[in-house]
Amino acid sequence: MSMSQSRAVQRSSSPNEDRGENQLVVYDLKGNDDTEEEVLPVQSQPLSSRTQCPSIGAFTVQCASCFKWRLMPSMQKYEEIREQLLENPFFCDTAREWKPDISCDVPADIYQDGTRLWAIDKPNISRPPAGWQRLLRIRGEGGTRFADVYYVAPSGKKLRSTVEVQKYLNDNSEYIGEGVKLSQFSFQIPKPLQDDYVRKRPARLLDSIDNTNTPVAKEANPLAWISPDDHISLQLGTPTESGLNNSHYQPSKKKKTSTLSIFGSNDELADR
């Protein structure tokens, strides 16, 4: 969820967001709250410089009924929930699969307390084909882009755009024979809620710098897997921190939806 990183849907304050329904992605900036429940231990450190890149740390999903955040037991479960989040909103009862005593009456697993960087992402991202990985690399604060997405084929080949994926599939038709489709790939990235995390660029430079102009499959959306040489641990958070307008980030009560969340740390974590 942090490839949460996650699953669930929530209203966005931006009119440009698709249908106003998005996921939340969280990246650890300062450290863990010892009172929070842990799935896997995350050891965090303060950012030593603006160029230090946060790592993805954990996955969470927001209940569509009580709006509390629930930790996901694994990135795989997070991706499973995220893939059909619009059609099947997440509820606390769903978490009984891995936590039998959970309900909306149980306090949230985690709260947003200023120790993590949140970013908005979209639900219903297709899971990568079997044997493939979808990777999200977060860039350091102050850069011109928040993150990069790329895929790793079973052969180990890294693909950084839809064009590269299409060419690779054309050159390796056995994957097409196995049912791999271009619609299973997405290179959209999350959007940080911290306004100054990404350095503003002149409008005339956007088209030449931003590499998201390549065609994106309609069925695919954003977020990420962790690279074999990336580092990961798991944990979670909720959008009620001062400075955030709760009306912007509270799912509409007319239609029950959920929100997904992931967060990370600046530490080097064990390889997956």
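The backbone N, Cα and C atoms fix where each Cβ goes, glycine too.
For 1-15 (among others), the entry in Swiss-Prot reads compositional bias 'Polar residues'.
Taken from Swiss-Prot, the feature region 'Disordered' applies to 1-24 (among others).
Summarising the annotation, Swiss-Prot assigns zinc finger to 53-112.
Here Swiss-Prot flags 62-104 as motif 'MBD-associated domain (MAD)'. The residues of the motif 'MBD-associated domain (MAD)' (62-104), classed with DSSP into helix (H, G, I), strand (E, B) and coil, number 15 helix, 4 strand, 24 coil.
Here Swiss-Prot flags CYS63, CYS66, CYS92, CYS104 as Zn(2+) binding site, drawing on sequence analysis. Long-range C-beta contacts of CYS92 (Zn(2+) binding site), restricted to its own chain and to partners at least six residues apart, with a cutoff below 8 Å, comprise CYS63, SER65, CYS66, LYS68, ARG70, ILE102, SER103, CYS104, VAL106.
What Swiss-Prot records for 118-192 is domain 'MBD', and it gives sequence analysis as the kind of evidence.
Positions annotated as compositional bias 'Polar residues' by Swiss-Prot: 236-250 (among others).
If you look up Swiss-Prot, you'll see 236-272 (among others) marked as region 'Disordered'.
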Starting from the Cβ centroid of CYS63, CYS66, CYS92, CYS104, the recorded Zn(2+) site, name every other residue in that chain with its Cβ within 8 Å, sequence order please.
ALA64, SER65, PHE67, LYS68, ARG70, PHE91, ASP93, SER103, VAL106
Just to verify: the residue among CYS63, CYS66 with the fewest other Cβ atoms within 10 Å, which of the binding-site residues is it?
CYS66
For the domain 'MBD' (118-192), what are the DSSP-based totals of helix, strand and coil residues?
18 helix, 21 strand, 36 coil
